[in-house]
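Let me begin by presenting the structure, written as structure tokens, before commenting on it.
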Amino acid sequence: MADDLETFIKALPKAELHVHLEGCLTPQLAETLAKRNGMPLPDSVKKASTAEGFAFHDLTSFLAVYYPAMEVLQTAEDFADLAMDYLTKAHEQNVRYVELFFDPQAHTSRGVPFPTVVNGYRNGLLQAQRELGISAGLIMCFLRDMSVEFAMATLMDALPYKDVIIGVGLDSDERGNPPRKFAKVFGRARQEGFLLTMHCDIDQQDSVKHIRQAVHDIGVDRIDHGTNIVEDAELVELVRQKAIGLTCCPVSNSVVTSDFKGKEILQLLRQGVRVTLNSDDPAYFRGYVNENIFKVAWETDVTRKELVQFQRNAFAVSWLSSWRRDRYLEELDVYAKEKGAC
Ligand code: HPA
Ligand code: ZN
């Protein structure tokens, strides 16, 4: 029985909407890039191959490992290889479409030019589309623990790249960095035609307050994580009515908090909120999208029909054009019908 469900999940056509490109940097790829660039492997990566493994237990300690590892990313080819590495794995898991976060400020702040980053990622996306048939777009995240001025300058850098950057997001350390801090930047991004999302991480000091700000003050199209919304019934109803997607990441939750929040994610799904299942930083949390779905499948009473609904939500709240979205939804419906899961 368990094997049947595993097969069902593996073959399910999927969309992934919450995955950080820099979070796809495996220790193996980091080693290859370090060698190619003639530089030592960063200490935080060296630790990954020891018995101790990566050392983090919450968002702050994770970020302290995550940013130093990125130093191995130097050339456009490095960024292209990183994108291709992840998209190859996603393709193997029957992911059809991905919206990928990237953190340009983590690179420009150490001297890598903005065009090197975006042209590199774009090349990786084009190669994956050509060779594997998997489609993807980029979401540029501002680092919320950096200044508003730096975020605005980064937005200006992005304007010539609207062909591949489809939206903007907000990530990094949430403590003391509320959505409202970036209202002006997100307002300008909206004017420029970018779609809007932002992280409201799990169990933060002001999680619900931040979700409220994201919805009311920023007018986001989606929220990344956002699971703490279950604490406020009115806000849940508003998000449901507005059809705002929540991109949840069970395996990531289980690493940076004491719980994977499966119960809350399923509760939201059953209340009609457009929740989706995603991997966040798969190279660090050791779970791509299938492993995230397995976790929910093994550890909750989710049904097959609901597993299909998570994917229906993902395509529905994706930023695809309506005709492309409908094509993927049709494929999903055919699969669900064939497996008696609708
Ligand atoms: N939260 C905030 N910042 C991040 C994350 C996350 O889950 N992953 C990578 N940067
Ligand atoms: Zn994230």
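Heads up, the Cβ atoms here are built off N, Cα and C, so glycines get one too.
Please treat TrEMBL annotations as automatic predictions, because they have not gone through curation.
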For the Zn(2+) site that TrEMBL describes with His18, His20, His199, which of these is also annotated: Asp81, Asp85, Asp280?
Asp280
Taking ligand 1 as the reference and 6 angstroms as the Cβ limit (strictly under), which binding-site residues among His18, His20, His199, Asp280, Asp281 are close?
His20, His199, Asp280, Asp281
Of Asp280, Asp281, the binding-site residues given in the record, which has the fewest other CB atoms within 10 A of its CB?
Asp281
Per-residue pLDDT averaged over the domain 'Adenosine deaminase' (13-333), given as an integer:
97
Cα-Cα distance linking Asp281 (substrate binding site) and His199 (Zn(2+) binding site), given in Å to the nearest integer:
13
Listed binding-site residues are His18, His20, Asp281; which of them have CA atoms within 10 A of the CA of His225 (site 'Important for catalytic activity')?
His18
Measuring Cα to Cα, how many Å separate Asp281 (substrate binding site) from His20 (Zn(2+) binding site)?
6
Work through the recorded positions one by one (His18, His225) and point out the residue whose CB has the fewest other CB atoms within 10 angstroms.
His225
